Amino acid sequence: MEQRRPLWATPLQFVFACISYAVGLGNVWRFPYLCQMYGGGSFLVPYVVMLVVEGMPLLYLELAVGQRMRQGSIGAWRTVSPYLSGVGVASVVVSFFLSMYYNVINAWAFWYLFHSFQDPLPWSVCPLNGNRTGYVEECEKASSTQYFWYRKTLNISPSIQESGAVQWEPALCLILAWLVVYLCILRGTESTGKVVYFTALLPYCVLIIYLVRGLTLHGATNGLAYMFTPKVEQLVNPKAWINAATQIFFSLGLGFGSLIAFASYNEPSNNCQKHAIIVSIINSSTSIFASIVTFSIYGFKATFNYESCLNKVILLLTNSFDLEDGFLTASNLEQVKDYLASAHPSKYSKVFPQIRNCSLESELETAVQGTGLAFIVYTEAIKNMEVSQLWSVLYFFMLLLLGIGSMLGNTAAILTPLTDSKVISSYLPKEAISGLVCLTNCAIGLLFTMEAGSYWFDIFNDYAATLSLLLIVLVETVAVCYLYGLSRFESELKAMTGRALNWYWKAMWGGVSPLLIVSLFIFYLSDYIITGTLRYQAWDAAQGQLVTKDYPPHALAVIGLLVASSTMCIPLVALGTFITRRLRRGGTAPVA
């Protein structure tokens, strides 16, 4: 007798699992960056439009497929058509790539969390040089936060071609991160269902605490004004719309197979339409909420740097021209500079090269995303707060919860098809399967703890999923609407949940969403072609800054393999299925 499929204890557990998976680091470190780049408040217009025409429909489609087929991604798409097994295989491959590098972020979060209990924070000041006569030159040329990230955390090599050795401290943090993930997924839905309450809810508690603190910081209003001041001209910028669509697509985690896996553990009568709307709205609201928190802290950092710059200029001019203390202020600085330049031209010309050009606007315009925002910009702001250790612990604890929540979805996308397989599950219990998956990912993930590891991290982050996911979701949508049949799927959904599909879902699935995905696919392909030689940012210790370099041939080969290994699963598995079925028919055909 076939073993009964495990279920979520309550529908609420399923919703929390989806929220914990969808609400991740992208909400905290990519959405604020896009707001900054594409018009502040006006970016919300394309973002909301894309949520309605792309996010919610595609999320509902994946949840409905998982709940209807009651299998992981491979089994679900094999049920739709034997030729579509490759769609599920591609999803598993992409999720495997994602798991390999994504948990490295949790390792970095653990590393910073452990160092957050030190007083002073280790990234708040530059270390002394070997002679103890000054600070380390690399740190002086960069900043204390950049030095701690690039030298102490990554110990980064000058280029991707110089691999270096595995850094044992980040490696131990990576092993710890995988151990935590394994303990969370050990018992399947039984353990994951309990963990998601924490990974879904606690980040909001930390964000609320940070919001209260952020709004009380000096200069917070400068950041919020910069974020929400609309730049209407950006509404006609096609890149704003493309990036809004991309952010919605990847933020919800479409195409990885995680949502299908989660939905497969639902009761057949579960109202997945309502849950798709709830998860989409909560995910997008969190992005806006996190942006308010980020820009309040960003405003504080920009204001602090701007005022520090002014104070240095004031001190320089006061000492150089023997001015009375307190005479020079931020309000009369420009007038006094003009007077000194005209009254003492020769003396002023000698001092002029040391006078920095201080601008609050330029500080606010510095656009940073990803690890740069999480581990450099935020830490720079935190080190200047009162009781900085407390705010550092809270921040990296939140990052850790967001990362682990996403990892639960990533691993579910891999494990569900494996545990669904009768061949594998008959030999190994699910605990052993989970352990092998975590062990394999951890072993390969040690690559990212080498001195050139962060360069490989960027390659996986930029190329492992982008084109692959667009192709996967496009095939999924076309398969349900035109191969399986939209009317057939609609009647099965109605029989299962008791609710009929309205015109909105059918219009989005059948036309609007596929056309939008095709447009995104064309944009990314043309962008890669126009860009020409792919480049990366390498750390130059001598200059204390990032420099642009071309990827070497072996790195380009890995990029090609990353894209091809997942996308080629779809046609190759379909071809293999076709050949196998033809051979079977040929083998059973009567011989004349």
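Cβ coordinates are placed from backbone N, Cα and C, and glycine is handled just like the others.
Annotation source TrEMBL lists Na(+) binding site at Ala22, Val23, Asn27, Ser251, Asn283, Leu402, Ser406. For 12-31, 43-61, 82-102, 165-185, 197-220, 240-265, 277-298, 393-415, 436-457, 463-486, 507-526, 555-575, the entry in TrEMBL reads transmembrane segment.
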Taking residues 6+ outside the transmembrane segment (393-415), which of them lie with a CB under 8 Å of any CB in it?
17, 20-25, 27-28, 72-73, 91-92, 95-96, 98-99, 102-103, 105-106, 109-110, 112-113, 116-117, 177, 180-181, 184-185, 188, 192, 195-196, 198-200, 202-203, 206-207, 209-210, 253, 256-262, 374, 378, 382, 430, 433-434, 437-438
By Cβ distance under 8 Å, which residues at least 6 away from the ends of the transmembrane segment (82-102) in the same chain are close to it?
72-76, 255-258, 260, 403, 406-407, 410-411, 413-414, 417, 437, 441, 444-445, 448, 456-457, 460-461, 464-465, 468-469, 471-472, 475-476, 479, 483, 562, 565-567, 569-574, 577-578, 581
Can you list, in sequence order, the residues of the same chain other than Ala22, Val23, Asn27, Ser251, Asn283, Leu402, Ser406 whose CB lies within 8 Å of the CB centroid of the Na(+) site?
Ile19, Tyr21, Gly24, Leu25, Gly26, Leu252, Gly253, Thr286, Ser287, Gly405
Could you tell me what the rest of the chain brings near the transmembrane segment (463-486), counting residues at least six beyond its ends with Cβ under 8 Å?
58, 61-62, 65, 77, 80-81, 84, 87, 90-91, 93-94, 97-98, 101, 249-250, 254-256, 506, 509-510, 513-514, 517-518, 520-521, 524-525, 559, 562-563, 566-567, 570
Residues of the parent chain within Cβ reach of the transmembrane segment (240-265), under 8 Å, 6 or more residues beyond its termini:
5-8, 14, 17-18, 21-22, 24, 26-27, 30-31, 34, 37-39, 43, 46-47, 49-51, 54-55, 58-59, 62-67, 69-73, 76, 88, 91-92, 94-95, 98, 189, 234, 272, 279-280, 283-284, 287, 406, 409-410, 412-413, 415-417, 465, 468-470, 472-473, 476, 516, 519-520, 523
Under 8 Å Cβ-Cβ from the transmembrane segment (436-457), and at least six residues away from its ends along the same chain, one finds 96, 99-101, 103-104, 107, 154-157, 159-167, 170-171, 174-175, 178, 181-182, 185, 371, 411, 414-415, 418, 428, 536, 538, 555, 558
Examine the transmembrane segment (12-31) against the transmembrane segment (197-220) and state whether at least 3 Cβ pairs sit under 8 A, considering only residue pairs 6 or more apart.
yes
May I ask for the residues of the chain that lie six or more residues beyond the transmembrane segment (507-526) and have a Cβ under 8 Å from a Cβ within it?
50, 53-54, 56-58, 61, 242, 245-246, 249, 466-467, 470-471, 473-474, 477-478, 480-481, 486
Are there any residues in the same chain, six or more apart in sequence, whose C-beta is under 8 angstroms from the C-beta of Ala22 (Na(+) binding site), and if so which?
Ser251, Leu252, Gly253, Val279, Asn283, Gly409
Between the transmembrane segment (43-61) and the transmembrane segment (197-220), are there at least three Cβ pairs closer than 8 Å, leaving out pairs fewer than 6 positions apart?
no
Cβ-Cβ under 8 Å from Leu402 (Na(+) binding site), same chain, 6 or more residues apart: which ones?
Val23, Gly24, Leu25, Asn27, Val28, Thr199, Pro203
Can you find at least 3 Cβ pairs under 8 Å between the transmembrane segment (277-298) and the transmembrane segment (197-220), where each pair is 6 or more residues apart in sequence?
yes
If you count Cβ atoms within 10 Å of each one, which of the binding-site residues Val23, Ser251 comes out on top?
Val23
Do any residues of this chain, six or more beyond the ends of the transmembrane segment (197-220), have a C-beta under 8 angstroms from a C-beta of it, and if so which?
13, 16-17, 19-20, 23, 286, 289-290, 292-293, 296-297, 299-304, 385, 391, 394-395, 397-398, 401-402, 404-405, 408
Can you name the residues of this chain that are 6 or more positions from Ser406 (Na(+) binding site) yet have a C-beta less than 8 Å from its C-beta?
Ser20, Tyr21, Gly24, Leu25, Tyr102, Gly253
